[in-house]
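All remarks here apply to the structure that follows.
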Amino acid sequence: MRGIGLSQQTGTLCALLRLCRLPFILGGLLLFLLGAYTAGDPFAVPDRLLLCYLVLAAGQVSVSLSNDYFDRQADRPGMRTRISGGSGVLISRPDLAGAARSLALVLIGISLALALLCAIFYPLPPYFLPFVLAGNLVGWYYTAPPLSLAYRGLGEAATMLTFGFFMPGTGYLAAGGLFDLSFALFILPLLFAGLFFILSVEMPDREGDHAAGKENFVVRSGRRNAFIAMFLAAAAISLLLPAAWSAPPQVLAASLLPVFAGAIPLLHPPVDRREIICAAELNLAALIAFILVACLAAAGVFA
């Protein structure tokens, strides 16, 4: 009996870890480091850098949990992909729904508590705490009522802010200590990178999102128009880079990867769900490659 109980506890722990979707933390880490390296020497105060990153990581994992909880009626068996449709855990383990919601709120509390410690022990600007609070609220209300941003046509704007402002902004504050005009220019391409990201993630889920009542861009405008919007977002990244960043040739070249990936569905429209998923996954691979190269360049690897 003890062995059975231990096995059940282990299974529950593994299910909760899958709910956290820990591999997705990599994207947040890259954006955090990109912001940190752009602001200055991030390792000049390594303890501040680590603590600020934990602020972001706790909030990011909270979003994974709350999205799974509030989207559990929309996520359908057999429709989940590697990039969309949630973790699928609450479909097979509905008994963990309450735990997912509670853990998401606990992680928001941890994120805010760590942010308070940062503000107490390090010379951060007075808007650091409101900045962290705003980021956590956007993440929570992405799917949580009463705002339910993803269901009201505001999911794309929320993701652009998260991807292009909150994640790199946390790193920028950790290393630079304040926002300045350079930061305003720095985030412009990243805002469009966030749009490219969310449209790619929404693409395979159009039917499920429509059935669940989500009013996102792909549901409202159709896949063809969404593919056009993705391509334009990718093009905006490349066009804004020379003016917004002091980017070396390697970064400018890498910025073309999302453009090429976004052009493929326009030239060869997907004919079935499998091809739609492949196109979306290629988009994300191209975007991650661009962010990785940009991060390496900011760290001085290509100098």
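Note that the numbers count up from 1, one per residue, in the order the chain is shown.
Placed from the backbone N, Cα and C atoms, the Cβ positions cover glycine too.
Automatic, uncurated: that is what TrEMBL annotation is.
Annotation comment: TrEMBL describes 12-36, 48-70, 103-122, 128-145, 157-175, 181-201, 226-245, 251-268, 280-302 as transmembrane segment.
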Tertiary contacts of the transmembrane segment (12-36) (same chain, 6+ residues out, Cβ under 8 Å): 42, 49, 52-53, 56-57, 60-61, 64-65, 68, 87-90, 93, 96, 99-100, 103, 163, 167-175, 186, 190, 288, 291-292, 294-295, 298-299
Contact check, the transmembrane segment (48-70) vs the transmembrane segment (128-145), 3+ Cβ pairs under 8 Å, seq sep 6+: yes
Intrachain residues whose Cβ lies under 8 Å of the transmembrane segment (226-245), provided they are six or more past its termini: 38, 185-186, 188-189, 192-193, 195-196, 199-200, 202-203, 217-218, 251-252, 255-256, 258-259, 261-263, 265-266, 269, 279, 283, 290, 294
Folded-back contacts onto the transmembrane segment (280-302), same chain, C-beta under 8 angstroms, at least six residues removed: 27, 30-31, 33-34, 37-38, 81-84, 193, 196-197, 200-201, 203-204, 230, 237, 245, 247-248, 250-251, 254-255, 257-258, 260-262, 264
